[in-house]
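Listed in TrEMBL:
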DOMAIN    32-281  domain 'G-protein coupled receptors family 1 profile'
TRANSMEM  16-40  transmembrane segment
TRANSMEM  52-70  transmembrane segment
TRANSMEM  82-111  transmembrane segment
TRANSMEM  131-157  transmembrane segment
TRANSMEM  184-207  transmembrane segment
TRANSMEM  228-252  transmembrane segment
TRANSMEM  264-283  transmembrane segment
Amino acid sequence: TYFTLQGFSQLADLQVFLFVGILLMFLTTMTGNLLIIIVATTDPALHTPMYYFLKNLAFTEICFTADIVPRMLVDLLLERKVISFSACALQLSFFILLLSCECFLLAAMAYDRYVAVCYPLHYAVRMNRRVCLHMVVTCWTTGIPFSIGLTSCLFSFPFCSSKEIDHFFCDIAPILDLACSDTYLFKLLLLLATVAILLMPFALIAASYIRITHTILQMPSAEGRRKAFSTCAAHLVVVTLFCCTAGLVHLQPKLSLWASSRKLMALSYTVMTPMLNPIIYTLRNKEVKLALRKTFGRRHL
């Protein structure tokens, strides 16, 4: 009826330090992404497809972090890190849904940049409000069958006497290690789902940026090339941070000491990347900085 999350129990002397650090990153993540949603909604200058996708990405990051971090913070303060069977299944289902949504949103943002750079004259027609809405709805709904299917299949297995999950949240791989029956078909299904959720969006992003790079290099003006690259730089950094860490966790085969490295990489894309995304998108973005000043005023900012 329950599992025990081992979390960072091997770092018993650093539990308070980890709690403070992760709490600060959690508060920064929530504040930064909430600010992006507010300014992208209230400022008419940011009512463009790029910021529409960014706003949805920020909301996804908030939900993604809220699904994992509060439970982790509680476990860092408690000696017995128990999670019920149903709560674990619910956390995993939301994790899969939000992970797939974020991957497809990053692919949609790459397509938006592709149309903006390669077909600027057709941008307003190709990326109208109806198209953007359909793309966002598709990003949110595509992960639903993966979430329900993988979670229901995984939790239908009988589990061995050990109920200790060697992770800080309910992820597929450490739960699968506890299954007592043949998991070959599930691993095959998991491989297909991983290809659809991670590799397909990454392939679309890579194809978009190949075309974008080719178009930019053909521009005669150096200033035009610089501006075109700057519009894509923030998104490219976010894609690199998220896809590389999430890909290493879910695509790398099992190795010795894999459990500790899995926790470290999972901590990177569940805590650090959502915190860095608002900083990356606003650090050199004059439009967002101006919108923040207009919304909150110079003194408060």
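Even glycines carry a Cβ here, placed using N, Cα and C.
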Item to complete: Tally Cβ pairs under 8 Å between the transmembrane segment (82-111) and each listed stretch (16-40, 184-207, 228-252, 264-283), then give the stretch with the top tally.
Response: 184-207
Fill in: Local confidence of the prediction over the domain 'G-protein coupled receptors family 1 profile' (32-281), expressed as mean pLDDT
85
